[in-house]
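Report on the structure given below.
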Amino acid sequence: MDKFIIKGGKRLEGEVNVSAAKNSVLPILAATILNGNNCTVENTPMLEDVFVICDVLKSLRADINIDKVNKRVKINTANIFANGANDELVRKMRASFLIMGPMLGRFGSFKISLPGGCNIGTRPIDLHLKGLSALGAEVSVGHGYVEAKAKKLIGSNIYLDYPSVGATENIMMAATLAQGETIIGNAAEEPEIVDLAIFLRAMGAKIDGEGTDTIRILGVKDFKEVVHKPIYDRIEAGTFMITAAITKSLIKINGVDEIHSKPIIAKLTEMGVAIEINKNSVIVDGRQKLNPIDLKTMPYPGFPTDMQAQMMSLLCTVKGTSIITETIFENRFMHAVELKRMGANIKIDGRSAVIEGIDTFTGSEVTATDLRAGAALVLAGLTAEGTTAIKDIYHIDRGYVSIEKKLRGLGADIERVHYDK
Ligand code: EPZ
């Protein structure tokens, strides 16, 4: 097992480069199932979750080459099995469930282990299944598996009860090979949905409306070879913006799309963080006194739930009262318990957290409970008085490429230490 040891209180400076978006690359790699030709994804973030979805595809007998040096993944799924993704792997990572739509689209059937929930919520898949049924699939759930069969997928008019990112992606991918037109109403509008649509269109899919709440897909017969460079990771970018704010530093962040990061930049600006926006980068000056704010997580273009934990760490260090309301997941405040071990003053009441600013965190031994909670603890450790040890950092490695190397590049005192549990 590994843990991070962080000696806090240092001012940081310099530049940091953002990697490509995990939540773009995962559906894009799943979408290669649709295409029996060579698919190349450039600038792929070498993350644990990316390796897991590649292992899932390998368990279907996809031909995959992962070039870690050049950050390139080449996939050919011409000879994959119509079924039989490795259950262990599918249960290991929820996003594996994104192979469902492509498998149904290409083979007219799939059987897959129900994905695990995770610490932040039950993570149901009812909207995914409702959408695929609307395309003509006969879906059954039982004995821990989901099974679906369809002679031919027929385009349909689907209206999502909730703008689910994963359900939008699964339905969009399946619909690319359905007969006729599919309209997805109340679709998710996240930038990662747009990036997936760009990838699908590049291989020959007929899609428009991505990035709005209505996406139209006209089924096609087959696809062609594709090379794609994914968008930057707006959540990693936001995490580094908060790094500057919480350590009262001035940092340049390369790999920032102003539109994708708008909700995050807007809230940090409201707090008094000075952010200079350039073409593909920002300069964040966190040296001013910051003010408390109220924050509510919402589907894009609202404030992203994946930045909620990181914002909580920052707001803990801002004098006054701030309120965070988490509207997306039912159990996404577990980082509050760990932050309180570091001296935070947080009261949780259902979906809301009331935060009273403290002078400073105090270093402590804490545990990452999920990916973004782990990032929040790193941020708290960077500004804490004394030393912070963070255990279970495998959660953090799922979504951040070498976060300790990138932070050390800014002058942080953070080490990855191996220990036997
Ligand atoms: C994606 O998860 C992201 N993961 C999550 O990022 C992100 O937090 C989430 O979108 C919201 O933005 C990937 O893209 C791999 P949802 P997803 O379906 O698709 C409910 C991270 O840290 N819902 O939009 O699973 C669900 O319970 C991860 O990188 C249903 O009720 O999110 C939740 O309350 C964490 N029924 C809400 O919708 C369904 O069928 C949002 O879920 C599906 C979802």
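Our numbering is plain: 1 for the first residue shown, then up by one each step along the chain.
Note that Cβ sites are derived from N, Cα and C of the backbone, with glycine treated the same way.
Mean model confidence of the domain 'Enolpyruvate transferase' (7-407) amounts to 96 (pLDDT, 0 to 100 scale). Annotation source TrEMBL lists domain 'Enolpyruvate transferase' at 7-407.
The feature phosphoenolpyruvate binding site is assigned by TrEMBL to K22, N23. Here the Cβ of K22 (phosphoenolpyruvate binding site) has 25 other Cβ atoms within 10 Å, regardless of which shown protein chain they belong to.
Listed in sequence order, the same-chain residues six or more apart from D126 (UDP-N-acetyl-alpha-D-glucosamine binding site) with CB atoms under 8 A from its CB number zero; the list is none. Residues or ranges marked as UDP-N-acetyl-alpha-D-glucosamine binding site in TrEMBL: R94, R123, P124, I125, D126, L127, D306, I328.
Under the heading active site, proton donor, TrEMBL lists C118.
Residues or ranges marked as 2-(S-cysteinyl)pyruvic acid O-phosphothioketal in TrEMBL: C118.
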How many other Cβ atoms are found within 10 Å of the Cβ atom of I125 (UDP-N-acetyl-alpha-D-glucosamine binding site), counting all protein chains shown?
20
K22 (phosphoenolpyruvate binding site) and P124 (UDP-N-acetyl-alpha-D-glucosamine binding site), distance between Cα atoms, whole Å:
21
Max CA to CA distance in Å over the UDP-N-acetyl-alpha-D-glucosamine-binding set R94, R123, P124, I125, D126, L127, D306, I328?
22
What's the CA to CA span in angstrom from R123 (UDP-N-acetyl-alpha-D-glucosamine binding site) over to K22 (phosphoenolpyruvate binding site)?
18
So if I draw a 10 Å sphere around the Cβ of N23 (phosphoenolpyruvate binding site), how many other Cβ atoms end up inside it?
25
